[in-house]
Amino acid sequence: MISSEEKVEFLRKLVEIYSPTGRESEAVKFIVESFESFGVDAYVDEVGNAIAIREGKGPRILLAGHVDTVPGIIPVRIEDGVLWGRGSVDAKGPLATFFFATLESNANIIFAGLVDEEGFSKGAKNLDVPRPDYIIIGEPSGVDGVTIGYKGSLTAKFVESVEKVHGSLGVDAAERLINRWLEIKSSFGEGFDALSGRIVELHAYERDFDFYGEMVINLRTPPGYNPPKGWEILDFVPAYQVDRRSPLVRAFVRGIRRNGMRPRLKKKTGTADMNILGPRFGVDAVAYGPGDSRLDHTPHERISLSEYLLAIDVLVDVIEELKGAKERAAEESGEREAGKALSG
């Protein structure tokens, strides 16, 4: 049995390792060596992900969190049962939850500590593991919540070049780009099923014979959204959502209730590796993890250690629910086949 103190110490050490996107190797090494210290084989794959595979009973479950964080050092400290530090919520708290659920579950589990999630998801796009039956992504949903949908993400670039005229006679490149943005923004709305977004970069300057400008935007896209023709698309990941009647969602509902809480199903307006891995493997995916996502990327990032420890218990129960669901399905199938044989 792994003690609560060991679980807290692992998370503290993981958060202490500064690992912004592109600098994940030290944290990945720590995770691999920690698995090996518990007798679990682990390795670093070709793109830098930390991978551990445990053979056990039930369906194969991929637990995939991310090792990288956004930049910004927050001094790591524990005060009044709360751990402060960059990545404590997004998403080393969920990743540590997955680490211990892997160790404490006698199940078929693939653990993946992914790189570049805060960038262009190189880790998820190049993940080379056996096809899972279910995917759980490590992102803060709150200990009593499970995320069943994320909006998509589209990054596009616009360029304008306008021949010089007298300043009072025409619209320059910057104005054209701003007008283009206002046209796009006019279709924005609120919530999961609406388009939203922001300007990422806007540069405009005068050259010898023209006014030149570039604009990069990022849109959060609802399910079913298709980029307009003619846009220069730098990156596009479609929205993803799972049916709330999925066995995976039902397992979370039961696991959360078993630990004395009322489950909350969430759809988020951000984007995660769930958008990539769910469609890629063609199986149901949700996101789960301790922490308040409103603290993501902020200078106030911190996580309740009691919530973190409880999330491990919830996830272990969820995995047991999934094992039981497969066993029940096999029994029911066997009973049906036996019934057919007797009736024949």
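From the backbone N, Cα and C atoms, a Cβ is placed for every residue, glycine too.
As annotated by Swiss-Prot, active site applies to Asp68. Shown in sequence order, Ser19, Pro20, Thr21, Gly22, Arg23, Glu24, Val115, Asp116, Glu117, Glu118, Gly119 are the residues of the chain, 6+ apart in sequence, with a C-beta less than 8 angstroms from the C-beta of Asp68 (active site).
The active site, proton acceptor annotation in Swiss-Prot covers Glu117. Counting Cβ atoms from all protein chains shown, Glu117 (active site, proton acceptor) has 27 others lying within 10 Å of its own Cβ.
Residues or ranges marked as Zn(2+) 1 binding site by Swiss-Prot on the basis of sequence analysis: His66, Asp90, Glu139. The Cβ neighbour count for Glu139 (Zn(2+) 1 binding site), using a 10 Å radius over every protein chain in view, is 29.
Annotated Zn(2+) 2 binding site per Swiss-Prot: Asp90, Glu118, His297, in sequence order. For the recorded site, Glu118 (Zn(2+) 2 binding site), the DSSP three-state label reads coil.
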Three states by DSSP: which one describes Asp90 (Zn(2+) 1 binding site)? helix
His66 (Zn(2+) 1 binding site), DSSP three-state class -> strand
Which chain-mates of His297 (Zn(2+) 2 binding site) that are at least 6 residues away have a CB under 8 A from its CB, listed by sequence? Val70, Gly72, Asp90
Under a criterion of Cβ-Cβ distance under 8 Å and sequence separation of at least 6, what residues of the same chain contact His66 (Zn(2+) 1 binding site)? Ala91, Leu95, Gly113, Leu114, Val115, Asp116, Glu117, Glu118, Gly123, Gly138, Asp273
